[in-house]
Amino acid sequence: LNRLEWDKGYLTNPDEQHIYTTVLSLDFPKSVSDFLSEESSWNPKFFAYGSFPLYLLKGVAEFVKYIEPNVLGYEYLYTLGRPISALFDTGTILLVFVSCYLLTKSKDWGLLAAFLYAIAVLPIQMAHFYTVDGQLTFWGMACITSLLWAIQSHHNRFLYLAAIFCGFAVATKITGLVLLVLIGVAIVFKSLTNLETGTLTFRWELVAHIIARCLFVAFLVGVVTIVLQPYMLIDTHQFTQDLELQLKMRTDAHIFPYTIQYLGSQPYWYPLRQMAWWGLGFMVTLLSLLGILYGLKESYREFFSVRRFQPILIIITAIAVFFIPTGSSAVKFMRYYLPLYPLLILCAVYLLAAYWGRLREWMQMSALIIIIVPMIIWTLMFVSIYQQTHPWVQASEWMHAEIPEGETIAVEHWDRSLPLYEVTRFDTITLGLYEPDTEQKLDLLAGQLDEAEYIVIATNRLYGSIPHWPEKYPATIPYYEKLFAEQLGFKKIAEFTRYPQLFGFSINDQSADESFTVYDHPRTIIFQKTDYNPQMILDLKEYLPLTR
């Protein structure tokens, strides 16, 4: 974690904001009847995320308040939340090491896998917010590590431990349910494997044994989940309503303005491309895909030649049960794929371990350089953003210094309104540019810009996503084109960024997934009115289908 106050405490991530707001609304129930009520003060009344991360932060805050009473204030809660995220990510690094050791029986390869995960950019970024995806990744890896132990052990306790971790994962985010499939696969192979010979043996009497184990594990997962997220049963209406909305969003990117960026994005290819270019690195992503193919080949060979189960199948199955449903989702936020990162790294290192002995020394050194050096450089560039002032803070300071008090500023809805502080110093107009294009919308926009002296664009959220839906925004698309070309009577007078950089060289990553840039290193632009005329906006009506 690089500086707790990298955003000056303004909480630039809306998911993090919502979690803190919900945590502050929670209060321990006064009685059993209060606990069992839908209106209980312990009911988060929000299930887009699991309840466990909320209760965890609430519990930690209640403990710490005896040392620092102010910690339960909204403006201080992030000083607990972000370190917790960093601790979970550190725990994931340790689990990657253990899992790789169980796969390769080598501490050296375990250390390499842990190192690659530690320097991967997306996990580092997620550790700077208190959101649920880092915790889901930890619990998922804890479950998978337990399964790797289970299939190599005479004991069942690791299976039951995996079930407990699965319950924690489900109570963190409903996506954790896919781990149940993985546990079922592990139970089948563990039950059929003769630990003395390591070979698979099928007997009909084992079927009942497998079914019984699966049922018990499912029961254990359910108990843990309900204990950690009780209101999924107590407030079933709200739970199912939120779950249905999330499932609907996964199938239709038109639902929310902040998801239309994914219209036209290719299933599976889009998230893989984001991993390769920004989140994980090209070489590790490529090696991981090759590692999956190699693992499948080896598993096939071992199964049909000596009837032996390869532990790498647990990792490959985990990737499959997670990526098959999420990769085809209409909405593809990069953080959704965070649980894949440690698994892909394990496959990459598994491939290296298999072929390492066949390489000459100079080839081994070259391979390490090609894999590690680009990752280190990109990571050093990325973490530099946390050493620079956040663009929204820069823009706010500039606005207070350069814009006269009382001036009218136009900002965009569904985005952060600037300045961040002393907002009453200016009159603010909100431009509803995500609304469908109509003559009425353009009439309103023309009047609003006639009043405004400045246009403040906090991020690329609107102008980056609106072009993905030309049928809905035939006039708004040329509006942005003309605005950026300074053909609407407004001139760009300030721009604030903090691109990843190293030794004076920077990379403009605004083409990455929107969620990768808008929270911690957005591009903020300010335009000032010069020779604006409302007719400039009204002329955009020619782009509307009914006025052609």
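Every residue gets a Cβ built from N, Cα and C, even glycine.
TrEMBL entries are annotated by machine, without manual review.
As written in TrEMBL, here are the features:
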DOMAIN    81-220  domain 'ArnT-like N-terminal'
TRANSMEM  84-104  transmembrane segment
TRANSMEM  111-130  transmembrane segment
TRANSMEM  158-187  transmembrane segment
TRANSMEM  207-228  transmembrane segment
TRANSMEM  275-296  transmembrane segment
TRANSMEM  308-324  transmembrane segment
TRANSMEM  336-356  transmembrane segment
TRANSMEM  362-386  transmembrane segment
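Counting only same-chain residues 6+ beyond the ends of the transmembrane segment (308-324), those with a CB under 8 A from a CB of the stretch are 99, 102-103, 140, 144, 147-148, 151-152, 175, 178-179, 181-182, 185-186, 189, 192-193, 198-200, 268, 271, 292, 295-296, 298-299, 302, 337, 339-340, 343-344, 346-347, 350. The highest tally of CB pairs under 8 A with the transmembrane segment (362-386), across 84-104, 111-130, 158-187, 207-228, 275-296, is held by 111-130. Counting residues of the domain 'ArnT-like N-terminal' (81-220) by DSSP class, helix then strand then coil, yields 112 helix, 4 strand, 24 coil.
Contact between the transmembrane segment (111-130) and the transmembrane segment (207-228) is absent: fewer than three CB pairs lie under 8 Å, with pairs separated by 6 or more positions in sequence. Long-range contacts of the transmembrane segment (336-356) within the same chain, counting only residues at least 6 positions beyond its ends with a Cβ under 8 Å from a Cβ of the stretch, are 92, 95-96, 99-100, 103-104, 106, 109, 112-113, 116-117, 120, 122-123, 126, 133-134, 136-137, 140-141, 144, 175, 271, 274-275, 279-280, 284-285, 287-292, 294-295, 298, 312, 315-316, 318-319, 322-323, 326-327, 329, 364, 367. For the domain 'ArnT-like N-terminal' (81-220), the predicted model reports an average pLDDT of 92.
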